Amino acid sequence: MEPSSPQDEGLRKKQPKKPVPEILPRPPRALFCLTLQNPLRKACISVVEWKPFETIILLTIFANCVALAVYLPMPEDDNNTLNLGLEKLEYFFLIVFSIEAAMKIIAYGFLFHQDAYLRSGWNVLDFIIVFLGVFTAILEQVNIIQTNTAPMSSKGAGLDVKALRAFRVLRPLRLVSGVPSLQVVLNSIFKAMLPLFHIALLVLFMVIIYAIIGLELFKGKMHKTCYFIGTDIVATVENEKPSPCARTGSGRPCTINGSECRGGWPGPNHGITHFDNFGFSMLTVYQCISMEGWTDVLYWVNDAIGNEWPWIYFVTLILLGSFFILNLVLGVLSGEFTKEREKAKSRGTFQKLREKQQLEEDLRGYMSWITQGEVMDVDDLREGKLSLDEGGSDTESLYEIEGLNKIIQFIRHWRQWNRVFRWKCHDLVKSKVFYWLVILIVALNTLSIASEHHNQPLWLTHLQDVANRVLLALFTIEMLMKMYGLGLRQYFMSIFNRFDCFVVCSGILEILLVESGAMTPLGISVLRCIRLLRLFKITKYWTSLSNLVASLLNSIRSIASLLLLLFLFMIIFALLGMQLFGGRYDFEDTEVRRSNFDNFPQALISVFQVLTGEDWNSVMYNGIMAYGGPSYPGVLVCIYFIILFVCGNYILLNVFLAIAVDNLAEAESLTSAQKAKAEERKRRKMSRGLPDKSEEERSTMTKKLEQKPKGEGIPTTAKLKIDEFESNVNEVKDPYPSADFPGDDEEDEPEIPASPRPRPLAELQLKEKAVPIPEASSFFIFSPTNKIRVLCHRIVNATWFTNFILLFILLSSAALAAEDPIRADSMRNQILEYFDYVFTAVFTVEIVLKMTTYGAFLHKGSFCRNYFNILDLLVVAVSLISMGLESSAISVVKILRVLRVLRPLRAINRAKGLKHVVQCVFVAIRTIGNIVLVTTLLQFMFACIGVQLFKGKFYSCNDLSKMTEEECRGYYYIYKDGDPTQIELRPRQWIHNDFHFDNVLSAMMSLFTVSTFEGWPQLLYKAIDSNEEDTGPVYNNRVEMAIFFIIYIILIAFFMMNIFVGFVIVTFQEQGETEYKNCELDKNQRQCVQYALKARPLRCYIPKNPYQYQVWYVVTSSYFEYLMFALIMLNTICLGMQHYNQSEQMNHISDILNVAFTIIFTLEMILKLIAFKPRGYFGDPWNVFDFLIVIGSIIDVILSEIDTLLASSGGLYCLGGGCGNVDPDESARISSAFFRLFRVMRLIKLLSRAEGVRTLLWTFIKSFQALPYVALLIVMLFFIYAVIGMQMFGKIAMVDGTQINRNNNFQTFPQAVLLLFRCATGEAWQEILLACSYGKRCDPESDYAPGEEYACGTNFAYYYFISFYMLCAFLIINLFVAVIMDNFDYLTRDWSILGPHHLDEFKAIWAEYDPEAKGRIKHLDVVTLLRRIQPPLGFGKFCPHRVACKRLVGMNMPLNSDGTVTFNATLFALVRTALKIKTEGNFEQANEELRAIIKKIWKRTSMKLLDQVIPPIGDDEVTVGKFYATFLIQEHFRKFMKRQEEYYGYRPKKDTVQIQAGLRTIEEEAAPEIHRAISGDLTAEEELERAMVEAAMEEGIFRRTGGLFGQVDNFLERTNSLPPVMANQRPLQFAEMEMEELESPVFLEDFPQNPGTHPLARANTNNANANVAYGNSSHRNSPVFSSIRYERELLEEAGRPVTREGPFSQPCSVSGVNSRSHVDKLERQMSQRRMPKGQVPPSPCQLSQEKHPVHEEGKGPRSWSTETSDSESFEERVPRNSAHKCTAPATTMLIQEALVRGGLDSLAADANFVMATGQALADACQMEPEEVEVAATELLKRESPKGGAMPREP
């Protein structure tokens, strides 16, 4: 084989990878010596590409994994025979892998060829693993030899080998390279790495900031605890971990007798959790962010320093860290996932078709699964076409041949009879009745299974047994009937039927086995539960549900590969864990650590536990302790756990969610598409039914139909993104498809969107319209015109009244929160009771007024017809009743008192924004219904299986040696802490676990807690130890039970719960979109347009005072920025270096450094104040932030100085002398530590520097703005639950060692809220639930009845906590996620699509051209401005000049009369062209449509602004587009003429052919398509430019550099010596700009030019008088004309004939002699001006009227000098005789045609414009109009026979 040609290689690269490799073109040589003909290499190639070889290798890898898993790690490096055997086997694997690697290297070459071995990432991984294996083996041998030679050598020599051995665990990764679907999931995860990296930075940043704050605030506070006096024994209560204490202040005092608080304790968690130095501080903070064990840390800090303010630190940490930043991960992953899928989708129509078929197949498969193979057509049956089996037709043909025969006739009769019977049977099976019968049987089956429970009576067991057999028989009959009716082949086509058959057969098998006594009845009874899956049959008649299930099954596919990846990941970490921790989890204390790594199954369970994040921190603490505690080697262990937790919990588990959200959106669109089809059908029927009605009537009917779903409030119809629509609507491949919703044109949009989404709520005005008085009379007395009623109406609808009531609602809520739950008769409660009377009175009056106004409930629009009003009425009624029932039964009053909590809900009716969020939540709950159903079904199924497996098995005795209840009596001894001297006698108790599986309900409860990931390991180990019914546990009795829990967790917790979350997110997103349903702009377009309309230019302050300017120059330079950046980093490092117990010297150094940094930052502030002046300085929020920090730091320095001065008397706080023995460590007063925070805050300044992080922050703040109403709703939820909690659970006594304790209780309102916040983060909420249930001890101060000391708490706790947890976990947190995913979609969006985050750059760069923020710049600055902005918004600096001009033609922004463009108009035009908003079709019409859309969405947009960005029709605006279009046409014509001149060496006068060719060039080249690069050959143009330079030099004339395309720097020259280029730019950029900005390929940048640049500067004046002299009165005052007048005077002075040229006057110059002085002046000027390298003067026939700066007052340093004659350069004109009157028709036609070709129809239609262009054309090329006309006529004549197709230039 010869080496492949480069073409082949190119092709090969393009082709997608196929799983089966085609024969790759192999490198001719491998390893420099082996050619393709070499027999060894041939053999290797054939082996490596032999399919079984791959399989063998995969199997070997698998075997190796098994071997690694079987290995038993032991403490102290002990070994057993199995392990030694495995060590030997290891060599075998090593040899196999080495051979494989060697063969592949020989076959493919090692490194240097394109397809060499090491060029594939997976091969690199393989190679490293094999290499390390071989290396380890060699080292081991060396070690053995060493030990033999030197027997005394230490054991340490083997250590390095052990470390290397750990690399073996990577071998399972090689499976990935064998399984393609895994690579897809991995790829999308890798793709997300970049945005994830930004988030990781943000998280790291947060962790660092919080760690340093923690270090400053809590350093050394955690080292005191209660010791018994005189001993080192820590004093604790039973069940309580030791915790810090405080001698004084509000920390925890030592209450146990004989104990004292003193230091010397290592700290909580054996000294791992503390803030004593930066490292541990970071670990602690990270643990808090993961929301595991954060409350423990908070409680320890509270115990140490009091609970007044530490909660602020922790709650903000959780809110920012966990809820916000970590949810970003989800946003990014789901974005990436969707993007990957979109990519896959857009890979072509074929793919699309395939996918469509796939979806249909899935659905069909699923439907048939449910409908038992509904494939046969009933008509076919009736005609008797059904063949019994394949052979049917053959028999018939046989019968025809052989003639009639008795047997055959019998067979025929029998078959006919059979056919009829089967047909009847088939009909029966398919009938609704049969279906419902089966459903009924399934329901009975479900009942019989669900009724099983522990200790059930015998008769029930007997009944269940009988029922089981009867039902089994019924199911068997059903199965046989189906088989008969449908035929076997048809029956087994449906998956559901196969499944059914399997269940029935297993049931029969079970009965046979049990009857014959071959097995115990339990084992297989799990199969009975699988029957419950039949419940899914219900979905057949429930489309949305069936779609949901179809989408679930669909996503199971994508999830299968993810599960495989997850499993691989777990295996690797489990094996690594065994290598690291195997056999090491044996500690001094007697407690057994269940989550360990001592064998493979256990290691897998531990890894899985860390993945779910439940209690992962305790597993980590054990790991650290196993390696000697919180000292050097031990701490490194946390790296393993953190990597495992991050990769597993954040990345892999979020991919689950991403897949779920993605598939759900699909399911939604399926459902809505079906709905749409149904609508369509209805519509068709209606239009069929109305043949005689007029069109209008019909359309109104359909309109009504369309509005109908709206009334029902179905939220799902918002997304109709189904393939059919895509194919119809977006035929043109539009890269930005607009969110078009076909068929919905209702105009009755609600004023306010029904969504929690922000934008609208922020913008729309929440005006409440007064409801008119209803027609009917109220209370049968007051007629609508009654004076009293009218007065009531006026009062009720007054804003002051609403606000007054709102105020009272707030006050009454506050009163509820202030009540004392324990002492009912306290003074406070009595006062509050009087207030209560007042509130009730006010609310009653309000309701009476409203009822008087609107009537009670008998007619439409009356008071009680509104749900919110009924709520009001209920609340008031409850208050009134409870006042009346003071004396009677306490329980009733108690319930009524609790109901008062609903008062805050009345605010919902008053605040509109809140009302919409609430409605949205309700909509979400309604749509979630289906998912809840599916989840509940699955949960129920698992609960039934759990009952079968574990009923009655969760009992135990506290004396572990006793196994049954009978034995568990009397007393037993216990040794405290394993110390034989401390003996205690305890009574034995037979304990039932709190969560158990004794009946279906408690099983569902237990499983629910498992699905929230709380406390599931405890339950799991209980299940693993479970033994027989009613006996105690046996350690690790049934490890296989873990499978049940793991499957449940994966299916329910990972999958269903995520789908749940996904559903909420999708619903919210849709709700947000509904209100924009008909506005044709998608979300991104809306945001960008909104930005463009609302943005205002920034002021860019440049001082005039030279000294101040120097300071400003320094402060704004990038070097200064970098210096400050470095200083902040240094400051951070210094802060991080502090630690507990540091030396005096260290203290001294850190104080000095602090002072130094404070001084430096103060200096920075002073310099900036000087540079920007206070007004400019405080205009920037970052500066304000800096200012506050500096002030705080100064206070901090002063305080610490005073403190050191007063150190002798005990520091600052002992000035009063009352200090005595205060320990400064314990003071929780906001001491100097508070001011120390300012040191840390400097860090935050770093955020303003990093680009990616800054964008993140920007979006962050945007999503905060989006949350106000959501936040309000959350506050309300917490408030209501907290008050209920205080009423219901406030009396429970606080007992240390239980969950209701000093830190966690319902006794005050703040405590209750904190407890609820803890539940919302899921911290052991199920423990709190149990601690609040009935039978708890009451608080001694509460008023319980005698004998009811243990009657506190209530079983209402179950409903309370579960409802709260569900609301929080599923709705509230998801609101966060939804808002975040909404705002952060830009992170993963294609960056080439313009988004709102790109638009800030425009503001910043505009400010440099418009430092005064006037909002206008010269239109010639626009090109340079846009070339400085990077795409997608600008053109970027590499955009060739002509392309930039062509783009400007397309943008078409309005040009003001003074030649400037406005800020908003420019930005709007940019956004509009970049996002293709209404750019197609008729331009004026598009403009009108866009105006209408803007008016509709942003109702408050001022008309002035709107006219500025989109000029109204009929406003004959000059636009930048027209301007540049003229330019391009002239430019090309000139170019062509120049080429002609070069060619002939002189100027051809009347050669029409040539001129026609020239015009043709114009047509071709003036087209403004953006995507076309510079037309024509670049090299030709360069030559042309060179020729032009030479020509110019010969003539000895230097023309004005620039014109349109050069550097118009002469107008920028200022009196100072700065290079002219930079009139308005930051001096710092000079150096860079000279080269970079001036190097576009052909032309150079144009810099700001003067307003009168172009003949079109005022095209909206009447062009009919274009031939009138410039002196015409209508023009006299325009700046352009003043400039021309000025020029004329100058010319006259110079003694030169006046050229009559002005914007619209014809340039018929009178010939004259050029004065010598002028040439001198030009030459002088030329020598003065440095010409940048490569700059060329423009072409000789440049259109060049002299343009002059107009002096604008107030421009400050920017106004240009009009006095200096230096800044003029003149152009000589070739004499010309006649002034032409107007453009001739042929030229007009030609120009129009050229414009149309270029896509500028709107300009072609503009007669004035065409005329001006014609004039400019003749003018520019110094030709007679007649010459142009002749050429044009000739050209058009030639064109016409060809049908107008203009020939291209040859």
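Each position is counted from 1, following the chain as shown.
For all residues, glycine too, the Cβ spot is worked out from N, Cα and C.
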Which of these, E292, E1341, E1348, does Swiss-Prot say binds Ca(2+) at the same site as E614, E1014?
E292
Of the residues N1141, N1672, the one that Swiss-Prot lists under N-linked glycosylation site:
N1141
Quick one: which of S397, S1026, S1727 has phosphoserine in Swiss-Prot?
S397
Of the residues T236, T1462, T1579, give the one that Swiss-Prot describes as phosphothreonine.
T1579
With respect to the membrane, are T35 and T1259 annotated by Swiss-Prot as being on the same side?
yes
Please report, as numbers and ranges, the same-chain residues at least 6 past the borders of the topological domain 'Extracellular' (452-462) whose CB is under 8 Å from any CB of it.
944, 947-948, 951-952, 998-1000, 1029
Once near-sequence residues are set aside, which residues in the chain of E1014 (Ca(2+) binding site), 6 or more away, have Cβ atoms under 8 Å from its Cβ?
E614, G1322, E1323, A1324, W1325, Q1326
Long-range neighbours of the topological domain 'Cytoplasmic' (1171-1180), counting only residues six or more past its ends (CB under 8 A):
1099, 1101, 1103, 1108, 1111-1112, 1114-1116, 1187
In the same chain, which residues outside the set E292, E614, E1014 have their CB within 8 A of the centroid of the CB atoms that define the Ca(2+) site?
T612, G613, D615, W616, F1013, G1015, W1016, G1322, E1323, A1324
Just jot down the residues in the same chain as E292 (Ca(2+) binding site), at least 6 apart in sequence, with C-beta under 8 A of its C-beta; none if empty.
G613, E614, D615, W616, N617, E1323
Run through the Cβ atoms and count how many others sit within 10 Å of the one on E614 (Ca(2+) binding site).
25
Find the average pLDDT over the motif 'Selectivity filter of repeat I' (290-293) in the predicted model and report it.
92
Outside the topological domain 'Extracellular' (1290-1311), six or more residues from its ends: residues with CB under 8 Å to it:
237-240, 252, 295, 298-299, 302-303, 307, 817-818, 821-822, 1282-1283, 1318, 1324, 1327-1328, 1330-1332, 1336-1340, 1342, 1344, 1352-1353
